[in-house]
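Feature annotations, reproduced from TrEMBL:
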- A:2-140: domain 'Formamidopyrimidine-DNA glycosylase catalytic' (DOMAIN)
- A:P2: active site, schiff-base intermediate with DNA (ACT_SITE)
- A:E3: active site, proton donor (ACT_SITE)
- A:K61: active site, proton donor (ACT_SITE)
- A:H114, A:R137, A:R193: DNA binding site (BINDING)
- A:279-313: domain 'FPG-type' (DOMAIN)
- A:R303: active site, proton donor (ACT_SITE)
Amino acid sequence: MPELPEVEVVRRGLERWVAGRRISSVAVPDPRSIRRHALGVEDFRGNLEGATVSSVVRRGKFLWMPLSDSSLPGAGTDSGDAGPEAVPHTALVAHLGMSGQLLVESPEQPHEKHLKVRLSLEPRGDEPEELRFVDQRIFGGLFVTSLQPTADHMPGGAGSAWDLIPDEAAHIGRDPLDPHFDLEALHQKLRSRKTGLKRALLDQSLVSGIGNIYADEALWAARMHYARPTDTMRRPDTERIIHAARDVIARALDAGGTSFDSLYVNVNGASGYFARSLNAYGREGEPCPRCGTMIRRDTFMNRSSYSCPVCQMKPRNARM
DNA sequence: AGATGATCCTGAGCGC
DNA sequence: TGCGCTCAGGATCATC
């Protein structure tokens, strides 16, 4: 289940193996994986073939690769910097959903069972010449879209690809690892909402990159209940839950982020972290690592929530 | 308009 | 051996 740390691992792998390379051809064995590309398969291919991936950017769980037109002078260089006249205005966007993988492989490798999209890359040294999107449950997908300036972009960096965001991801908030993450702004939004804390953490428009697993882990670490009403949050409460989320995410990144040099840019790099380091998620009936009370599982939002009934006391005015 | 719930999708696991 | 059921969950859409 890729959340922010896994997506960041994939981003680093793509930066290493795909950035600066030109896409020569595109095959879409299963169009369902590009259903968010409204204009269809031929338009998808037309946008990509001949374009060069200039960099790889992530916010929350969205990944995108700004595209430069290779016919422009200076494009396709190692740096990906095609000059001020060629700031990318479109990007290939990838969301891994539940089960998506991006693999950099030789075209001779046998096709994976759930292979959905193949991008052929022009040769560069001995590097593999195919980028594959593999997805079992097809919650994820690829599409090409235009880039717009971020609503809250910081002065001084205008024009850089880092200040541009795909239209379809423009609504999501910055994630807790983003240097420009605004804790005070989040705090005010939480105060003005009438909902439960976990539901707010999973709302990507408030803060991005937190999924069901890390929400439960952050809540456990911060000793807060998932149904804590957000309009009762005081400033130290907001700091505590965000610091906990950032810590959990950073530790997962440390555990899973070391193998991105592998040719297989996949989402399994952090699976070892899940097995070893989860304190609450998936541990129903096991003792809380802090106090020994049995971890319980509750269902809401069509999802499971794992928590310690002692460390994370349910508030009287609980909100789901 | 904010809050809440349904929906998409496939394979693993399980009881019978 | 196989059927039918439940579960997993990010993002989006529908409904109050």
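Keep in mind that glycine also has a Cβ here, set from the backbone N, Cα and C atoms.
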Spatial neighbour of A:R303 (active site, proton donor) that is closest, considering only the recorded positions A:E3, A:H114, A:R193 and their CA atoms: A:E3
Closest of A:P2, A:E3, A:K61 to A:R137 (DNA binding site), Cα positions, active-site residues only: A:P2
Inter-residue C-alpha distance, A:H114 (DNA binding site) and A:E3 (active site, proton donor) (nearest angstrom): 20
Max pairwise CA distance, angstrom, over record-listed DNA binders A:H114, A:R137, A:R193: 40
C-beta crowding around A:R137 (DNA binding site), within 10 angstroms: 10
Surrounding CB atoms that lie within 10 Å of the CB of the residue listed as 'active site, schiff-base intermediate with DNA', all protein chains: 25
Candidates A:K61, A:H114, A:R193, A:R303: member of the recorded positions with the richest Cβ shell (10 Å): A:K61
Helix, strand and coil totals (DSSP H, G, I; E, B; other) for the domain 'Formamidopyrimidine-DNA glycosylase catalytic' (A:2-140): 30 helix, 45 strand, 64 coil
Composition by DSSP (helix, strand, coil) of residues within the domain 'FPG-type' (A:279-313): 0 helix, 12 strand, 23 coil
The domain 'Formamidopyrimidine-DNA glycosylase catalytic' (A:2-140) [mean pLDDT, rounded to integer]: 86
